[in-house]
Amino acid sequence: MANLPHSAAPRTMFDKVWDRHVIVARDEGPSLIYIDRDIIHEGSFHAFADMKRRGYSVRRPRQMFGTPDHYVPTTGREIGDAATAEIARMIRQFDENMDWGGIRSFRLRDPRQGIVHVVGPEQGITLPGLTIVCSDSHTSTHGALGAIAFGIGQSENMHVMATQTLWQARPKTMRISVSGTLARGVHAKDVILAIIGKIGAGGAGGHAIEYAGPAVRAMSIEQRLTICNMSIEAAARCGMVAPDDTTFQYLHGRPFAPSGEEWDRAVAQWRALPTDDGARFDTEVALEGHAIAPMVTWGTSPEDTAPITGHVPDPAGAPDAGRRESTAKALNYMGLTPGTPLADVAIDRVFIGSCTNSRLEDLRAAAEVLRGRKAVVPAMVVPGSTSVKRAAEAEGLDRVFREAGFEWRESGCSMCAAMNGDFVKPQERCASTSNRNFIGRQGPNARTHLMSPAMAAAAAVTGRLTDVRRLLN
Amino acid sequence: MTPFVKMTALAAPIPGRNLDTDQIIPARFLKFDRSGGYGQFLFHDLRFTPEGQERPEFILNREPYRHAKVLVTEENFGCGSSREGAVYALCDHGVRGVIGPSFGDIFYNNALKNGLVPVRLPEDIVASLRETLMATPGAEVEIDLEARIVRLPDGSSHELEIDPFWRECIMKGLDEIELTWSYMEDIRRFEDAYLKDIPWINR
């Protein structure tokens with residue numbers, strides 16, 4: 001890039017993007033960094049209320065985008081389809097705030113509407129080298145294209161809308177390398193669950209992660225989005241994958257991506273972003289790709305993972321008293337007995353969706369398992385965006401899901417966040433492609449097992465946690 | 001933001017590793033305006049039964065802990081969702097400080113913006129503090145932002161590590177945006193050059 005500070009020392013991709021955005025560097029403490037994009041959803045209402053109270057306006061509305069996702073109905077596209085009057089008010093309030101701020105938005109009935117983290121990449125709003133924020137923790141998703149992207153609270157959201165900047169302390173860097181190739185039936189979701197299981201829910205605290213290695217390099221953008229999405233579940237500030245030809249092919253021709261002569265300029269800049277040879281990371285983690293099996297969670301933290309071939313753990317085997325207690329508590333909530341083979345655990349419901357796993361490739365992977373089979377438990381698919389929904393319908397995936405007994409819904413966060421009226425009932429056990437198995441996350445006393453879309457489809461047809469490799473030809 | 005300089009207050013240990021923001025405030029309460037107060041939602045499903053009765057086993061429902069203004073947590077407290085409602089709930093309930101070995105990153109930042117002082121101390125010190133607070137109900141902790149010191153009931157003092165920038169904001173009850181405004185010229189200068197390099201982000 002034209003104004004890059006030239007430095008002899010090799011730099012990581014994170015350093016290059018960060019350095020490019022520093023407006024005011026202070027000797028101690030946070031730097032003032034430039035924020036390229038802020039993506040808005042209904043939950044941003046506190047920030048708008050604060051802006052109005054202080055008499056501020058949105059400084060650069062052209063760099064903002066909005067779409068409603070957390071509260072939108074999945075049963076229809078009318079405001080009247082909202083589950084309650086209060087939920088309908090959230091969607092109306094979002095529209096009013098977008099009008100007030102002059103912010104481009106893809107509203108409930110817009111064919112571009114969807115989950116913020118699906119829409120950004122899909123529309124070419126997310127680009128390599130950018131700084132992107134959104135008042136949602138899964139903003140780490142966008143790093144899959146080589147951006148620094150992280151979730152913020154409403155105070156920070158207000159600060160970005162008013163100034164296009166944020167005060168941020170520079171995180172440490174961590175490289176997670178996944179070697180080799182993944183076995184058949186093993187997907188990006190299994191890789192990220194294996195990573196979180198290995199380093200823990202606090203394992204990347206204070207770090208920006210770069211995912212690297214042949215297994216990551218071989219992934220499509222949609223798979224990389226799944227990996228980066230769950231960086232926050234390991235406490236990372238953000239997750240990134242270096243942009244490459246796969247990235248450029250994905251972005252070319254997308255509505256908000258540069259085009260024509262600007263495209264060539266952009267690609268030339270993006271090619272300079274990957275980490276230099278010899279750059280040092282504060283922490284290095286390595287996994288063998290071929291050794292990763294399809295994964296499921298058994299507890300109430302995303303670190304509570306095991307291969308589907310494993311068993312419900314025994315709290316007695318935990319390394320310390322704290323973990324013994326937390327494991328016992330988690331198993332009690334989940335209604336599981338230590339030592340039970342995971343493949344014997346019966347489930348009550350299946351949810352395929354969320355910003356982690358609701359893109360076209362996710363739906364294809366689930367449909368591949370479901371073709372010619374029937375779900376034996378209630379199951380639903382919530383595409384990540386209206387565009388994903390239409391693309392899936394164009395290739396007949398909706399028919400595969402419907403014939404298998406799945407409900408085929410409109411796009412939104414739905415049963416992952418359980419804020420729009422879609423939720424898992426108390427004590428129900430849900431095989432879910434979402435990102436959090438927290439207590440009460442999918443509804444009060446709901447029990448969540450996280451897994452890939454292919455694994456969720458396998459669970460739907462057998463009624464229990466199932467090794468999807470058994471169902472593949 | 002209410003300024004915070006120093007405070008001596010009753011502390012309560014909150015159990016749970018990786019206690020996420022869904023536990024601090026369940027998602028269904030996030031629709032509400034702040035004007036009605038968020039304190040009533042704090043730890044809602046841990047504090048109350050589905051019928052709305054207090055759960056006697058939850059520590060903040062017990063005397064004297066229900067009056068605690070400092071919470072002592074386990075590792076990775078406030079992980080998960082970016083909801084600032086978690087910090088609103090703590091603040092509106094009267095909590096002014098949280099002591100733990102580590103915090104969720106976004107939660108930590110949200111706390112700083114609302115004058116809730118997050119204090120990171122080594123895990124063994126926090127574990128022993130939690131035991132002390134259980135054994136001696138009513139024990140107090142002093143958080144002294146000015147001296148950058150935390151004083152514990154056993155008489156020990158520990159350095160309070162906090163970025164000087166945020167420390168100053170909290171001590172003066174300042175919003176950092178006031179400082180940002182003073183840099184508007186720098187921001188404009190940066191932006192003019194920067195947007196020439198990537199004009200496509202501003203279309």
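Note: Cβ is positioned from N, Cα and C throughout, glycine not excepted.
Binding of [4Fe-4S] cluster is attributed by TrEMBL to A:Cys413, A:Cys416, and within the candidate set A:Cys238, A:Cys355 the record adds A:Cys355 to that site. In this structure, of the binding-site residues A:Cys413, A:Cys416, the smallest number of CB atoms within 10 A of the CB marks A:Cys416. Of the chain residues outside the [4Fe-4S] cluster site list A:Cys355, A:Cys413, A:Cys416, A:Asp69, A:His70, A:Ile115, A:His117, A:His138, A:Gly353, A:Ser354, A:Thr356, A:Ser358, A:Gly384, A:Gly412, A:Ser414, A:Ala417, A:Ser434, A:Asn435 have their Cβ within 8 Å of the site's Cβ mean position. A:Cys355 ([4Fe-4S] cluster binding site) counts 29 other C-beta atoms within 10 Å of its own C-beta, drawing on all protein chains shown.
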